[in-house]
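> Okay, so TrEMBL annotates it like this:
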{"type": "TRANSMEM", "residues": "27-49", "note": "transmembrane segment"}
{"type": "DOMAIN", "residues": "42-293", "note": "domain 'G-protein coupled receptors family 1 profile'"}
{"type": "TRANSMEM", "residues": "61-83", "note": "transmembrane segment"}
{"type": "TRANSMEM", "residues": "103-125", "note": "transmembrane segment"}
{"type": "TRANSMEM", "residues": "145-169", "note": "transmembrane segment"}
{"type": "TRANSMEM", "residues": "197-222", "note": "transmembrane segment"}
{"type": "TRANSMEM", "residues": "243-266", "note": "transmembrane segment"}
{"type": "TRANSMEM", "residues": "272-295", "note": "transmembrane segment"}
């Protein structure tokens with residue numbers, strides 16, 4: 001462990017462990033490793049099914065493939081490092097590796113938020129303007145949206161590690177999670193972090209916050225269109241096409257909000273709460289997304305059964 005009274009520009013950080021349970025941490029890897037395997041297998045199956053089934057070559061399923069790829073990347077950027085810590089006791093992570101992991105987590109989360117917004121717009125156009133859906137959301141437009149989501153995530157969150165790069169770190173270097181997050185690393189700096197605080201909050205509000213507002217707005221418009229239908233059976237049939245996306249949105253935003261609340265107001269909470277919330281934020285969307293769409297989408301169900 002680095003000296004507690006040292007201060008340098010390239011420190012190493014110590015990943016969080018659960019006080020009093022260090023000896024049992026190898027057993028805790030069983031549910032974590034199982035969830036990771038399930039996430040990798042489920043998202044790879046979604047990618048394979050959409051790739052092999054020509055009838056699924058449509059914008060909604062391309063967006064689903066983007067989600068699967070993002071979830072794979074996000075889980076792979078964090079879980080193997082956590083498992084190596086629990087299995088081999090490698091708690092120390094270098095400054096550069098920590099900044100890279102932090103950048104990947106925040107950037108991939110921003111890309112996923114943008115893709116969820118694009119899926120909400122896709123549902124709005126399909127329900128409220130069905131005759132124009134094929135002309136508006138073409139495969140080329142879907143690819144451009146994917147590139148725009150990547151560019152947006154990188155441009156908004158690349159400054160986060162750059163703002164932390166020149167800061168000195170002294171005193172405790174123990175993180176509150178088993179991976180690196182911006183606010184967690186920033187709180188360990190022994191210098192003025194106001195620019196980093198202001199930019200980090202601004203980036204989150206302009207990306208995740210704005211996306212959440214626009215997703216809610218799109219569903220308000222969808223709900224108005226559904227209520228104009230006279231028959232209840234038609235209303236349920238139309239709105240049922242949105243159930244899977246609503247569940248995926250909740251699986252992404254609920255852990256994100258929970259983790260933010262724990263960071264802002266949970267300084268007195270037990271370390272176990274921080275670690276569990278962090279793991280939920282990383283793994284719950286990756287595990288649930290392929291299950292939700294696998295259950296709700298008959299075309300994916302049929303193709304999976306044919307593969308089996």
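Including glycine, each Cβ sits where the backbone N, Cα and C put it.
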> Cβ under 8 Å, sequence separation of at least 6 from the ends of the transmembrane segment (197-222): give me the contacting residues as numbers and ranges.
106, 109-110, 113-114, 116-117, 120-121, 123-124, 127-128, 152-153, 156-157, 159-160, 163, 182-183, 186, 239, 242, 246, 249, 253, 256, 260
> Any chance the transmembrane segment (272-295) and the transmembrane segment (145-169) are in contact, meaning at least three CB pairs closer than 8 A with a sequence separation of 6+?
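Stretch pair does not touch.
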> Go through the chain and flag residues at least 6 beyond the ends of the transmembrane segment (103-125) whose CB is under 8 A from any CB in it; none is fine as an answer.
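Sequence-remote neighbours of the transmembrane segment (103-125) are 59-60, 63-64, 66-67, 70-71, 73-74, 77-78, 132-133, 136-137, 145-146, 148-150, 152-154, 156-158, 160-161, 179-182, 203, 207-208, 211-212, 214-215, 218-219, 221-222, 241-242, 245, 248-249, 252, 256, 282, 285.
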